[in-house]
Amino acid sequence: MKKRLNIGLVGLGCVGSAVAKILQENQEIIKDRAGVGIGIKKAVVRDVKKHKGYPFEISNDLESLIEDEEIDIVVELMGGVEAPYLLAKKTLAKQKAFVTANKAMLAYHRYELEQTAKNTPIGFEASVCGGIPIIKALKDGLSANHILSFKGILNGTSNYILSQMFKNQASFKDALKDAQHLGYAELNPEFDIKGIDAAHKLLILASLAYGIDAKLEEILIEGIEKIEPDDMEFAKEFGYSIKLLGIAKKHPDCIELRVHPSMIKNECMLSKVDGVMNAISVIGDKVGETLYYGAGAGGEPTASAVISDIIEIARKKSSLMLGFETPQKLPLKPKEEIQCAYYARLLVSDEKGVFSQISAILAQNDISLNNVLQKEILHSNKAKILFSTHTTNEKSMLNALKELENLQSVLDTPKMIRLEN
C-alpha cells in the first residue's frame, strides 16, 4: 500500500487555498482517518506569480499535471463548465480519481461523467451546499429509503437577501447591495438571485435521490428579484417566512422539480434558517424526515467537503457516482400540473367593485381565497390587494392572473409566490 496519496490541485482560489491549508494544518488527523498520508504534489493556476510560498510545485501546465504518473487524485476547483468537463474526462481516462466542487459542470454532464468513470472514483460532496454532507446522506445514509421528497435552502446569497428583507424591512435592492458589500454576493449576482445556482444543485440532488437525468430547461425556475417589502409584511401577518427553495417530490408516475420563492409556515424548520446558511429537509419512506444544516459556501466549509471526498477515496470506498446502475425513466411532472396554495399581489384602482371582480375571476378558475389584506396607498387613487389561496393547480392560477391583468382596474402585472406547506 502507498504511504502517501498525491493530489494534483487545479485552482488556488478561495477554496483551493483552503484545501491546501487544511491538508497542512490537519495532516495528522487526516492521515489517521484516511489510513495514508495525503499531500498536494502539484497545483495548476493561471498566473503563477500570484501564488508564492506553497510547499509544492505550482505551474500553469495542466497537461503535465494530468500526465504525472505520481498524481493519484486530481481536484478541480477552477470553475466554468466545459473546461472542467474536459479535464474530468482526461483525468478519468488516465484512471486517476477526480474530485470537484463544480455544480454547474455536474448539472450538465453528471451522467456522461459516470459513464466515462466506470470504476474510477469521482467525488463531488462540495458541489452542493458546501460543508453540509448531503451527497453522502443521499448516497449512503438514506440508501435503504425511497426518497419521498426533499426541499431546501440551497443558495446562501438569496437566503441572506430574503432574511434582511424579512427582519429589517429592507428593499430587495438595498439587501442585495448589503450582500455585495459583505462579500456574500458577486458583482454580477444573476445566478444566485435568479435561482440558477439553486437549480444546478437541485438537479444533482435529484439524480442521487431518483436516478433521473433531468435538464435545467425542463424544470420550473424563478428567482427572488420581484419580492417586495409588501410580500414580507403579508407573510409576517399570517405566520409565514419567504425562502428560495429547491423542491423535489416523488409521485407514482413522475418526479416534480422546481426552484422558486416559497412562503413557508413559521413552524417549519426551514423558516428558522437565516443569513447565508443552507439547510435541506429530506423525507424517506422508512426514516421519516431528516434535516441537514450548515454553511453552504465559503473557503473552509467547501474545502472540508472536498477533503472528505479525498479521504473516502483513500479508504477505497468507491461506489457508483450517482447511486444507480442506470438512469431511471420517470418523467418530470409538467409545470402546469404543479399543485400548491398561492399568494398574489395586485396594484389596483381604489374604487368600488374591484374586489368583487377579482373574486369572480378566481371563482371562475375554481380558486378559493384563504387570507386577504388590502392596503391603501396614501395620496393616490391606488391600492394594493394581497391574498393567498387554498390549494389549486399552476395552470388555473396562471390563467386567473392573466385574466386579472386584463382588468382595467388592475394597474400592473400581478405578482405571485407559491406556498409550500
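Glycine is no exception: its Cβ is also placed from the backbone N, Cα and C atoms.
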Task: Annotated companion of A34, V44, G298 at the NAD(+) site, Swiss-Prot, chosen from V15, V81, V273, V282 - done: V15
Open item on the list: Counting only residues 6+ away in sequence within the same chain, which have a CB under 8 Å from the CB of G130 (Na(+) binding site)?
Closed with: N278, G294, A295, G296, A297, G298, P301, T302, A305
Task: Separation of alpha carbons, K103 (NADP(+) binding site) and V128 (Na(+) binding site) (Å) - done: 7
- [ ] Measure from the Cα of E125 (Na(+) binding site) to the Cα of every one of the recorded positions V15, V44, E186, D197, K201, then give the nearest.
- [x] K201
- [ ] Would you find the one among the binding-site residues G183, G298 whose Cβ has the most company, meaning other Cβ atoms within 10 Å?
- [x] G298
TODO: From the recorded positions A34, V44, K201, pick the residue whose C-alpha lies nearest to the C-alpha of K103 (NADP(+) binding site).
DONE: K201
